[in-house]
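As written in TrEMBL, here are the features:
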- 12-394: domain 'Major facilitator superfamily (MFS) profile' (DOMAIN)
- 12-37: transmembrane segment (TRANSMEM)
- 49-71: transmembrane segment (TRANSMEM)
- 78-94: transmembrane segment (TRANSMEM)
- 100-121: transmembrane segment (TRANSMEM)
- 142-161: transmembrane segment (TRANSMEM)
- 167-186: transmembrane segment (TRANSMEM)
- 213-230: transmembrane segment (TRANSMEM)
- 250-270: transmembrane segment (TRANSMEM)
- 277-297: transmembrane segment (TRANSMEM)
- 303-325: transmembrane segment (TRANSMEM)
- 337-360: transmembrane segment (TRANSMEM)
- 372-393: transmembrane segment (TRANSMEM)
Amino acid sequence: MATARHLLGNRTFLLLLVAALFMHIAIFLVTPIFPIFLEKARHLHASQIGFILAIASLMYQIGSLIGGFLCDRVSRKLVMVSGAAIQACAMFGYSVSQTFLLFMLFSALNGSGMGLLAPAIKAKIADGVKQEDRTTAFSWRGIAANIGIIIGGLTVTLLALSTNRLVFIYAAGVYILLTFFLLFTLPKARQETTKKDSLSWSQYKRLLDHRSFLFFCLVSLLVWGLYAQFPLVVPLRGQHIMGTGAKVGLIWTINSTFVVLFQGVIARYILEKISPYWAMVSGTLFLGAGLFAMGFAHQFWTFSAAAVVFIIGEMLAVPVFDSLVGHFAKPPLLGAYYGIGNVVTGISGAIGNAVGGYMIESLGGVGSMRPWYMYGIITLISVAILTAFAIYANARHKKKGSSPSLQPKKERAR
């Protein structure tokens, strides 16, 4: 209850929740229908669509890393505003594009803008709340994001915008509103209101010597590798079970609604009471159990139930990942840490999708039980590794209220 009062009284945090809401409305006005639009309205081939989506993912990772460093050296507010404005330009570009090369160009621009925006918002949240409130804060951010997903997805469905370029105009309008909202409502960043020495590039290089953080990122690959399977297997298995892709989108609506209703409960009664490392272990177990259960689902509702099991894992693991990145980071380098955290999720997601797709094809496709048994085996191995890491890291987490300093030794001695 005290945590909730702290967060409700934090004006900047509440403004960032609104920003996360609008950002996800804009994203999910486009994401569910973008491949359909490219195929039906612009007559692009599947391989071309794959390249367009891939360049966005690649530029997102590059933008995340650059944005993380920039928001520590310049201003998180400026980076957020720039990211939203760049995405608005990309949406307008989509609306007028007719050729494959133009879609590649604006997809790269869109990925870059999101890469600037995402780590800056996370760093601003972590910097603006107390360390003990961070897990709950990121849970609330997840709720705001899922409300945005629901609004965006339902808007596309109700207005039947799957092959209408107006959807990009609407998304651009939301990004423009977000740009002005961030520009005129957020207070000046701490770097702008307090005088401090500039951070040297050597200090950023020392981040790569932060072994505890890098080890954490390494084991997190297991979590995000499983997490990345959801958008891969749900459409394929859903199409196999129901014979149509029309209802597959409802899975995301059901899951987002579940998150909105129960993320706060899970944060209050579970995440605030257990170690974040054990929350990651539990979340990974639910992620894998959900994937395993999808192989035994043969109707829409049983398939939806398996997806809900998966989403419980997301509700346990994702908020504590963001919170733990903030735990390892020193305040001057929060943006850089979250930028690297985003790169980790992107790399593991790309690897997870590639390996998952190859595994499903090699083991007989989504109609065979062999891929789902393999998901169960991978889950058990991942949980065992994460459990060993949790035992090792939990004691160190309790001993240290903050991560080791990245400042030069001569500065720490003063």
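The chain as shown is numbered from 1 upward.
Just so it is clear, glycine is given a Cβ too, placed from its N, Cα and C backbone atoms.
Whatever TrEMBL says is automated annotation, not expert-curated.
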Per the 3+ Cβ pairs under 8 Å rule, pairs at least 6 apart in sequence, do the transmembrane segment (303-325) and the transmembrane segment (49-71) touch?
no
Stretch among 12-37, 250-270, 277-297 sharing the most Cβ pairs under 8 Å with the transmembrane segment (372-393):
277-297
Residue numbers, six or more beyond the limits of the transmembrane segment (49-71), whose CB comes under 8 Å of its CB atoms:
34-35, 38-39, 78-80, 83, 100, 103-104, 107-120, 123, 204, 335-340, 342-343, 346-347, 349-350
So what pLDDT does the domain 'Major facilitator superfamily (MFS) profile' (12-394) average out to?
82
Does the transmembrane segment (12-37) reach the transmembrane segment (100-121) with at least 3 CB pairs under 8 A, where each pair is 6 or more residues apart?
yes
Counting a contact as 3 or more Cβ pairs under 8 Å, with residues at least 6 apart in sequence, do the transmembrane segment (100-121) and the transmembrane segment (337-360) touch?
yes
Please identify the stretch among 78-94, 142-161, 213-230, 337-360 with the greatest number of Cβ pairs below 8 Å relative to the transmembrane segment (277-297).
213-230
Among 142-161, 250-270, 337-360, point out the range having the most Cβ pairs under 8 angstroms from the transmembrane segment (213-230).
337-360
What parts of the chain pack near the transmembrane segment (142-161), using Cβ distances under 8 Å and only residues at least 6 beyond its ends?
17-18, 20-29, 31-33, 167, 170, 249, 252-253, 255-257, 259-260, 263-264, 315, 318-319
Spatial neighbours of the transmembrane segment (337-360) far in sequence, C-beta under 8 Å, 6+ residues away:
57, 60-61, 64-69, 115, 118-119, 122-123, 126, 207, 213, 217, 220-229, 231-233, 236, 321-322, 325-326, 328-329, 366, 371, 374
